[in-house]
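Taken from TrEMBL as is:
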type     : residues : note
COMPBIAS : 122-131  : compositional bias 'Basic residues'
DOMAIN   : 7-74     : domain 'DnaJ homologue subfamily C member 28 conserved'
REGION   : 120-149  : region 'Disordered'
Amino acid sequence: MREQHTWVDLQVRRAMERGDFDDLPGAGKPLGDLGADHDPDWWLKQLIEREKVTGVLPPALQLRKDDAELDALLDGLASERDVRREIEDFNARVMRARYTPVDGPPLVTQPRDVDAEVARWRERRSTRHTGHQAPETADQPRRRRWFRR
């Protein structure tokens, strides 16, 4: 066994003398995560970070995230029918997760009342539309067009 170590050391030393290890991508940089506890999913976490994969959450956490982002998503929709469809889809996913075996953290997300959410969407929409209109003031005279037919 000792002879094998000596042979390996000799091969590494010869490769260093030839310059085989010069200009490698990680040359001069410390190795990462040497002090961390062993994590059996280290390779998966590195893959997710490297490839910037999103949307890989347990169903309960994904539903919490979707619930938090639902109002912003609804505000981007133009018709009441689309809003109702999106809320019904969200509620269906909540109910499906509720009746499947727990995989991960417990499900605490509640389904939303479709009519109440549509009413809230209408209110937010009317507030947005009235906020964007410039109020006409009596102090400024109406501008006339430079060309009239």
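Cβ from N, Cα, C; glycine included.
A TrEMBL annotation is a machine prediction, not a hand-curated record.
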Intrachain residues whose Cβ lies under 8 Å of the compositional bias 'Basic residues' (122-131), provided they are six or more past its termini: 71, 75, 80
Confidence summary (mean pLDDT) of the domain 'DnaJ homologue subfamily C member 28 conserved' (7-74): 84
Summary of DSSP states over the domain 'DnaJ homologue subfamily C member 28 conserved' (7-74), given as helix, strand and coil counts: 38 helix, 0 strand, 30 coil
Within the compositional bias 'Basic residues' (122-131), residues counted as helix, strand or coil by DSSP: 10 helix, 0 strand, 0 coil
